[in-house]
Amino acid sequence: KGKCPEDGWDESTIELFLHELAIMDSNNFLGNCGVGEREGRVASGLVARRHYRLIHGIGRSGDISAVQPKAAGSSLLNKLTNSVVLDIIKQAGVRTVTSCFVVPMATGMSLTLCFLTLRHKRPKAKYIIWPRIDQKSCFKSMITAGFEPVVIENVLEGDELRTDIKAVEAKIKALGAENILCVHSTTSCFAPRVPDRLEELAVICANYDIPHIVNNAYGVQSSKCMHLIQQGARVGRIDAFVQSLDKNFMVPVGGAIIAGFDESFIQEISKMYPGRASASPSLDVLITLLSLGANGYKQLLKERKEMFSYLSSELKKLADNHNERLLDTPHNPISLAMSLKNLDENNDVAVTQLGSMLFTRQVSGARVVPCGAVQTVNNYTFKGFMSHTNAYPCAYLNAASAIGIKKQDVDIFLKRLDKCLKASRKESKNEKCVNEISNSDAGTEQLED
């Protein structure tokens, strides 16, 4: 049926299935005689076993989705993977998606491929409208494709940073719709930024006949992000949405899924990919989904949502204990932010030191964002970089509840964060006292004594 099985398969069944696919490839035929330049020869037996002897990759020189006659097994693997992934995207919330394919590139380069495909449809266009999100790869994806990003600053609503819809429409009018390649929006993001207003953006794109590409990097694991995409496509225009394999399906980095609602456009993107491609990302995600089954994946999504609630409540308690505040970001379903006002007021360096302390204590993924950081990316200077705005009111710390997180992860993180905050406050107080003493004559004499 080309759908993800409801219940996962055991490992021996999956390996049997992969071996059956592998013996359909010509490099594994007993009497094969190869006289071409690409015959699936592998020098290392270890490498061959690592890839289950599926050596030919996927696609042909002109189309990553094309069937390769001498690699029937690898071609079938590719078709099945795309079909199973499409089924999972539908079950995750985007019910009307019609087509998708796995591409052996991470999210940034996959977005670039989408932009390059649109170039042929809109030859006059040179701008991409981009509501700001401080993440380098999605910014560089537009530069690499040869376009000029038009950065739309976010608006602060309470603690949340949200899409400035009026500014988007004003910029479209100012530049001219025919000069704009697309609107490049984002769903999954670090708090206090929240997912873009996809429905409003989709309506604007439909009204002005402008393509709309969505960066859904780790949004498959969030029912809210997937709902936004579904609704955007229902009321307006979304041409493609791109998501990472590693962030959503817990596989090694190196693959993404490009999906959309117009099958012909998704096929155009797949044909834009030059040459054949590695089958490793397709193999990894197929093995994972066959192992989990649809029910297993849904259970992971359920556990992630439960852990988000737990992390939110416990981080709020910790923030209150340290006279800080869990920022109110109800529209962000994955990431949380806690203010660091006390550290920021005492010592500019203390905020970044907290990040270092957490990292050396084996806390990975937590981001500490100071005020006023400046970063230049491809000759464009971002003020307040990492905070998604020029001047956010306070420094803060990010933590996320992503797929696969366990209660133990949350508990250990909170325990170590509590210790680091206490140490940072103590250090800041000591430094403040030393500065006060050194700034007075009596203090100077005491220090000399």
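The count begins at 1 with the first shown residue.
Just so you know, glycine gets a Cβ as well, placed from its N, Cα and C.
Per TrEMBL, the feature pyridoxal 5'-phosphate binding site maps to Arg38. If you look up TrEMBL, you'll see Arg60, Ser61, Gln68, Arg276 marked as substrate binding site. According to TrEMBL, the feature tRNA binding site maps to Arg234, Arg361, Lys426. The N6-(pyridoxal phosphate)lysine annotation in TrEMBL covers Lys247. Summarising the annotation, TrEMBL assigns region 'Disordered' to 426-449.
Annotated features taken from TrEMBL, shown on the structure.
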residue: Arg38; record: pyridoxal 5'-phosphate binding site; Cβ contacts under 8 Å, 6 or more apart: His56
residue: Arg60; record: substrate binding site; Cβ contacts under 8 Å, 6 or more apart: Ala66, Val67, Gln68, Arg276
residue: Ser61; record: substrate binding site; Cβ contacts under 8 Å, 6 or more apart: Pro274, Gly275, Arg276
residue: Arg234; record: tRNA binding site; Cβ contacts under 8 Å, 6 or more apart: Thr96
residue: Lys247; record: N6-(pyridoxal phosphate)lysine; Cβ contacts under 8 Å, 6 or more apart: Ser188, Ala217, Tyr218, Gln221, Ala402, Ile403
residue: Arg361; record: tRNA binding site; Cβ contacts under 8 Å, 6 or more apart: Arg416, Lys419, Cys420
residue: Lys426; record: tRNA binding site; Cβ contacts under 8 Å, 6 or more apart: none
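Other than the site residues Arg60, Ser61, Gln68, Arg276, same-chain residues with C-beta atoms no more than 8 angstroms from the centre of those residues' C-beta atoms, the substrate site, are Gly57, Ile58, Gly59, Gly62, Asp63, Ala66, Gly275. Every protein chain considered, the tally of other Cβ atoms within 10 Å of the Cβ of Arg276 (substrate binding site) stands at 21.
Take Arg60, Ser61, Gln68, Arg276, the residues named in the record as contacts for substrate: the widest Cα to Cα gap among them comes to 10 Å. Between the farthest pair of Cα atoms in the tRNA binding residues (Arg234, Arg361, Lys426), the distance is 54 Å.
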